[in-house]
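Annotated in TrEMBL:
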- 5-137: domain 'MARVEL' (DOMAIN)
- 142-278: domain 'MARVEL' (DOMAIN)
- 6-29: transmembrane segment (TRANSMEM)
- 41-59: transmembrane segment (TRANSMEM)
- 79-100: transmembrane segment (TRANSMEM)
- 107-127: transmembrane segment (TRANSMEM)
- 173-200: transmembrane segment (TRANSMEM)
- 212-232: transmembrane segment (TRANSMEM)
- 252-272: transmembrane segment (TRANSMEM)
Amino acid sequence: VNLRAVTSWVGIARLFAVVLSCVTFSLVASTGHFEAPYGTWCMFTWCFCFTVTLLVLLLELLELYPMLPLSWDDFTSAFSMLAALMVFTSSVVFPATFINSPCSSSICARQAVATTVSCLCFLAYALEVGLTRAKPGDISSFLSTVPGLLKVFEAYVACLIFSLLDSYSWQAGLQWCVAVYSICFIITLLIIIFTIGRCLSYIPCPLEKILVGYNALALVMYITATIIWPLYNFKDKNRPNPCGSNCAWNKHLGITFLTIFNLIAYLVDLVYSTRMVFI
């Protein structure tokens, strides 16, 4: 038994994440109000993060993880980053969707407490990301470096974009934007999977320089999407009134901001990757 799995700072952060995620989905489940796609997503997030984090703790406590055919450090770094992003999203989406003002009923009080605990759970995962992030010059675990963590962020933001792409006109410019989101997501996801599966070493090419080239290409593609998407969706189009939660105009605006977020992420990724390879 490896007691450092639960006594180190990383282990303590994971223990907090397990307890807080369990408390969160238990409180929400007790209200019985988590219907519709957004509520289902939030419950899935808390249950998924609780289950995987508990499994990680058990595998490290019993020292069984070396038997797995994957890069354990890359996997745990990628998961902690993904969990932080998922819990943060749920901490924003859940109260915005289910908590109404004034909040006076017992159900609303439990929802408010669940939101607070979910925010604390996000902080626990963010702490784990900070504790496991590779130090400058250390590239033994790629997904724990800044470019590696950015890869997880880019893939997750692309998933959020896809979740909002339920209604758009089939114009050539918008089809190009969807192609940009899809191509960059697929390649980024493959990089993450191959890194965790220890498959990158089999590629007969200078991988670091290929990643720099890919980041530069993805940056250029996202620059075009950042210009074209709002141009096609908002030119000479005013926001309809009323415009509810399922309003297409709001979703297109959300995609615009998410595109900008990924553009910035690919820019930072390119800068860090270039420094790692050439400097």
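Including glycine, each Cβ sits where the backbone N, Cα and C put it.
Averaged over the domain 'MARVEL' (5-137), the predicted model reaches a pLDDT of 91. In the domain 'MARVEL' (142-278), the DSSP tally of helix, strand and coil residues is 109 helix, 0 strand, 28 coil. Scored by C-beta pairs under 8 angstroms, the transmembrane segment (41-59) has its highest count with 79-100, from the stretches 79-100, 107-127, 212-232, 252-272. Across the domain 'MARVEL' (5-137), the DSSP tally of helix, strand and coil residues reads 109 helix, 0 strand, 24 coil. Outside the transmembrane segment (6-29) by six or more residues, the chain places 39, 42-43, 46-47, 49-50, 53-54, 56-57, 60-61, 83, 87, 94, 110-111, 113-114, 117-118, 120-121, 124-125, 127-128, 131-132 with a CB less than 8 A from a CB of the stretch. Here the transmembrane segment (79-100) has long-range neighbours at 17, 21, 28, 33-34, 36, 38-39, 41-42, 45-46, 48-49, 52-53, 56, 108, 111-112, 114-115, 118-119, 121-122, 125-126, 128-129, 132, 143, 149, 152-153, 156, 160, 245, meaning same-chain residues at least 6 beyond its ends whose C-beta is under 8 angstroms from one of its own.
Through the fold, the transmembrane segment (212-232) approaches residues 147, 154, 169, 171, 173-174, 176-177, 180-181, 183-184, 187-188, 252, 255-256, 259-260, 262-263, 266-267, 269-270, 273-274, 277-278 of its own chain, all at least 6 residues removed from its boundaries and within a Cβ separation under 8 Å.
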